[in-house]
């Protein structure tokens with residue numbers, strides 16, 4: 001371990017593993033350590049089930065009705081992948097896809113007036129949907145056609161809207177869309193957690209709706225993918241990539257000290273040995289004095305013996321509860337998967353509800369989601385701090401990832417990865433460029 005590295009990475013969460021893989025592909029010498037004996041950090045999948053009970057300090061062993069403990073892989077953080085999103089692109093460009101199998105999630109649902117409705121995934125479904133009335137549907141369709149044709153680099157597609165200036169509120173007004181449709185569009189399609197976006201320039205929202213539509217177009221049932229055996233497979237896939245390109249991995253390594261000189265990181269001390277480095281990437285748990293808390297997320301993992309009511313017995317789905325349906329500022333999400341994904345015993349379902357904490361009683365806040373899941377066989381409640389780095393790391397060369405937010409997809413995580421990459425390398429992260437570098441350094445496949 002007493003060696004020189006270009007980059008040392010602490011923690012094997014998804015952000016850290018992807019960056020470690022990318023740095024190795026870029027020809028950098030990487031050492032990757034984690035104090036835990038397992039991969040994934042905050043974004044791990046826990047197996048066997050007994051370990052989940054221990055982690056949440058639930059007394060006794062899981063009952064026999066839960067099946068074999070090792071049939072379970074329970075994600076601590078619930079997220080899906082957008083089929084056409086940034087994470088899938090990263091998986092494809094790095095060829096990490098060869099280590100993973102994905103299934104399309106069976107449906108996306110939205111909560112309205114105490115009931116859940118399927119988010120239409122075809123024009124026929126949209127016409128038949130009871131989410132909106134007939135005239136509303138026509139206006140909504142016109143809006144979707146506009147979005148599909150929109151190209152921020154081609155002013156001919158703007159139709160009088162300035163993507164950098166016109167607010168989304170004005171765009172909705174132009175198409176004469178009602179409040180219900182606005183809620184649905186902003187929260188179930190553009191996947192915003194709050195309504196702050198309404199007064200921002202519309203370009204970002206239109207592109208988010210395009211991402212949803214393009215992801216949906218890929219597989220037809222829903223825009224979401226989920227890996228067999230759980231999300232813990234993702235960091236492991238990128239860790240393999242890093243190892244193939246010469247990265248060194250060490251799990252179960254207690255980190256004693258991050259060594260600084262003149263305000264800059266020069267190495268990491270573990271078990272009495274020092275590994276030297278020029279740059280350090282880590283999650284907030286390794287540098288508690290360099291991060292600040294900006295909020296909290298509550299997540300409740302629920303084990304069920306039945307599919308969720310009114311979802312056509314889907315073996316996987318997402319439910320979005322828009323904030324103003326339950327008088328909140330931020331949406332509540334439910335991600336549900338099952339034995340079909342090799343993450344639960346036969347006939348069992350895992351539903352994870354999550355939201356941004358807004359009051360002193362987070363468990364009360366998440367109740368509307370739990371009511372949709374009853375009866376619940378066992379629940380595991382966690383409240384996590386949302387931590388962000390206090391500075392950009394340019395002085396110290398310590399680059400800290402953000403904790404995982406309450407969104408149900410990885411787009412914000414990928415934004416963080418690209419942001420850290422840019423700060424470390426001084427250039428934008430470019431998929432094509434990465435592919436070329438890989439071929440230059442390691443030859444064509």
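Sequential numbering from 1, following the chain as shown.
Including glycine, each Cβ sits where the backbone N, Cα and C put it.
In Swiss-Prot this protein carries:
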MOD_RES   1  N-acetylmethionine
MOD_RES   57  N6-succinyllysine
MOD_RES   112  N6-acetyllysine
MOD_RES   130  phosphoserine
MOD_RES   269  N6-acetyllysine
MOD_RES   382  phosphoserine
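Among the listed modified residues, namely 57, 112, 269, the Cβ with the most fellow Cβ atoms inside 10 Å is that of 112. Residue 130 (phosphoserine): 9 other CB atoms within 10 A of its CB, across all protein chains. Distance between Cα atoms for residue 382 (phosphoserine) and residue 130 (phosphoserine): 35 Å, as a whole number. For residue 57 (N6-succinyllysine), the nearest of the modified residues by C-alpha distance turns out to be 269; the candidates were 112, 130, 269. The Cβ neighbour count for residue 382 (phosphoserine), using a 10 Å radius over every protein chain in view, is 14. Rounded to a whole number, the distance between the Cα atoms of residue 112 (N6-acetyllysine) and residue 269 (N6-acetyllysine) is 54 Å. Rounded to a whole number, the distance between the Cα atoms of residue 130 (phosphoserine) and residue 112 (N6-acetyllysine) is 11 Å.
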